[in-house]
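Over in TrEMBL, the protein carries these features:
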{"type": "DOMAIN", "residues": "1-462", "note": "domain 'Major facilitator superfamily (MFS) profile'"}
{"type": "REGION", "residues": "464-488", "note": "region 'Disordered'"}
{"type": "TRANSMEM", "residues": "24-43", "note": "transmembrane segment"}
{"type": "TRANSMEM", "residues": "77-98", "note": "transmembrane segment"}
{"type": "TRANSMEM", "residues": "110-129", "note": "transmembrane segment"}
{"type": "TRANSMEM", "residues": "141-161", "note": "transmembrane segment"}
{"type": "TRANSMEM", "residues": "173-191", "note": "transmembrane segment"}
{"type": "TRANSMEM", "residues": "203-222", "note": "transmembrane segment"}
{"type": "TRANSMEM", "residues": "243-266", "note": "transmembrane segment"}
{"type": "TRANSMEM", "residues": "272-292", "note": "transmembrane segment"}
{"type": "TRANSMEM", "residues": "304-323", "note": "transmembrane segment"}
{"type": "TRANSMEM", "residues": "329-351", "note": "transmembrane segment"}
{"type": "TRANSMEM", "residues": "372-393", "note": "transmembrane segment"}
{"type": "TRANSMEM", "residues": "438-458", "note": "transmembrane segment"}
Amino acid sequence: MASLNVALPDIARQTHATQTQQSWIIDAYSLVFASLLLPAGALGDRFGRRRALVVGLIVFGAGSALAVFTTSPDQLIALRVLLGVGAALIMPATLSTITSSFPREQRARAVSIWSAVAGASGVLGLLASGTLLEWWSWQSVFWFNVVLAAVALVGTLAFVPESADARPVPLDAVGAILAAAGIAALVYAVIEAPVNGWSDPVTLGGIAVGLLILVGFVVFELRSRHPLLDPRLFTNRRFAAGSLSITLQFFALFGFIFVMMQYLQLVRRDSALMAALSLLAMPIGMVPASRLSPRLSQRYGDRGPWVAGLLALAAGMGVLAHLDGNSAYWHIAAGLIPLGAGLGLAMPPATTSITSAVPKGLQNVGSAVNDLARELGGALGIAVLGSILTASYRNNLHLTGVPPQVAEAAKSSLAGAAAAGPGVMHQAQDAFITGLRASLHGGAITAVVTAVAVAVLLRRRRTASDKTPCPAPAEAVPHSGREQADAA
C-alpha cells in the first residue's frame, strides 16, 4: 500500500485534501497495521491462520472497494484504517502458513520465496500504480487492490490448509492492549517527527509514552502464564539478530525509496511510471539472490550470506550516494543491483531466524514480530533518513535576492522551489543532492552497523543457552476431515 504515495497528488486535487489530510491518508494505514500486528497474530494462532487470512482479505477487499466511491478525505482516512486492520490479519498469516506447513528441510526455500515477494512488492506496487495512473484515475489503484484481494481469497479457500494451536491458551487481552497502545504511540511520534521536529514536545512525549507502555508490556508479559509475546525470546541470539536485522534492513530500504523517488521525479523530472521503472533493477538483483541465499546458508551457515548481504546493501547505497543531477541510468542501476542482491541474501536467514525460534503453535505471533520489525523499521527509515535529507537541504539552500515568502516556500520542499523559477530551482537541486548524499550515507552506515551486530550475535554455534525459554505449546495441526476422522 506504499504505492498509494504515487496517487496522492491526484487524490488531493479531486478530494481537496489538506496537507495534513494527505499525510494521514498514508499514515493511518501504517499506524493501525503496526499496532495491531501482535494481537492479530495471536488471534490467528488461536482461531486458525487460514481463517485469519480469509477474514483479513475480505476486510481489505471491502475497504478498498468502498474507497473507490468516496469523495471525502476524512472518509478515505477512515477506510485506510480499515485496510490497516485487514492487513494486520493478512501478513502474519501468510508467513506462518508457510512455516507451519512446510517440512524443516523445505522451509528455508519457501521463506526465501516469501522474502523475495515481500521485498520486491514495494517496487512492483509503485510500478503498478504508476502504470494505472498513466491511463486511469486514482480510484484504479483501489480497484487493483480489490482484484488482488479477490484472487488471493479464492486461492486461499482452494489451496491453503487450516492450522492452529491444538490446545489454544487464553488470549492475553491485557498484553494485546498494552502492545497496541505502546506501538501506536511510538509509531505516531515517529511519523510526526519530520513535521513537528525531533525535539518537539509532541514527538518526545509520544516516544516517551510509547516506550513506557512497552516497558509495562514487557513486565506484564514476564509475569503472565500465557503471554502474547514472551520477552525472553529476545535472549535467543538468532531471534534477536533476525529482529534487529529486519528492522534495520527495512529502515534502509523504506528510507531509500522515500528519498530516491523524490530524486527521480523532482531532479531527473521522471514521471511516476518512469520513476518506478527506474527502480526495477533492484528486484532484478533481489529475486535471484533470495533464491541463492538458502543454498549458501545450507552449505556455509547463515552468518556468511547474511553478513555479505548487509554489506552489499551498504555498498549499493554508497554507490547511489554519489549521484548528481546529471547521472546516467547506468549509475543508478550500478547501485540498485547490489542493493537488491544484498536484501535478497540477508532477508531469508533473518526471517527464518525469527520464525524458527518460536514454537510451532505460535507461528502467527512469530510472523507478526517479523512484520512488526518491517513496519517499525520502515517508519523509522522514512522519518530519520527523510529528516536528514530535509535538514541538509534547508541548511545548504542559500537564496539571496528573492522575496522571503518565495525563499521559505523553496526551503520547505523541492516541489516548492520548482514554483519559484529556474534560478531558484537550480540552487535547490544542488542543495537536494547534498541532502540526498547525506541521507544515503546514513542508510549505508546503518547497514554496516547491522552487519557487525549480526556477525557478533552469530559468532559462535547455537548452544543450549540460546534456546528459547518459552514452554512449547501444542503443535499446530491441520484441521482436515481425514485427520479428524483418524483421531476419532
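Backbone N, Cα and C define each Cβ position, glycine as well.
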At a threshold of under 8 Å on Cβ distances, which of 141-161, 203-222, 272-292, 304-323, 372-393 pairs most often with the transmembrane segment (24-43)?
372-393
Tertiary contacts of the transmembrane segment (243-266) (same chain, 6+ residues out, Cβ under 8 Å):
2, 5, 119, 122-123, 126, 234, 272, 274-275, 278-279, 306, 310, 313, 317, 320, 323, 339, 343, 346-347, 350-351, 354, 369-370, 373-382, 384-386, 389, 414-415, 418, 429, 432, 436, 439-440, 442-444, 446-447, 449-450, 453-454, 457
Hey, does the transmembrane segment (329-351) touch the transmembrane segment (272-292), meaning at least 3 C-beta pairs closer than 8 angstroms, sequence gap 6 or more?
yes
The answer for the transmembrane segment (372-393), taking Cβ pairs under 8 Å and residues 6+ beyond its ends, is 30, 33-34, 37-38, 118, 183, 186-187, 190-191, 193-194, 198, 243, 246-256, 258-259, 262, 354, 411, 414, 428, 431-432, 434-436, 438-440, 442-443
Maximum Cβ pairs under 8 Å to the transmembrane segment (329-351) among 110-129, 304-323, 438-458 is reached by 304-323
Should anything in the same chain at least six residues away from the transmembrane segment (110-129) have a Cβ under 8 Å from its Cβ atoms, list it; otherwise answer none.
1-7, 94-95, 98-99, 102, 141, 144, 253-254, 257, 261, 272-273, 275-277, 279-280, 282-283, 286-287, 290-291, 293-294, 340, 343-344, 347-348, 351-352, 355, 374
Whole-number mean of pLDDT values that fall within the domain 'Major facilitator superfamily (MFS) profile' (1-462):
84
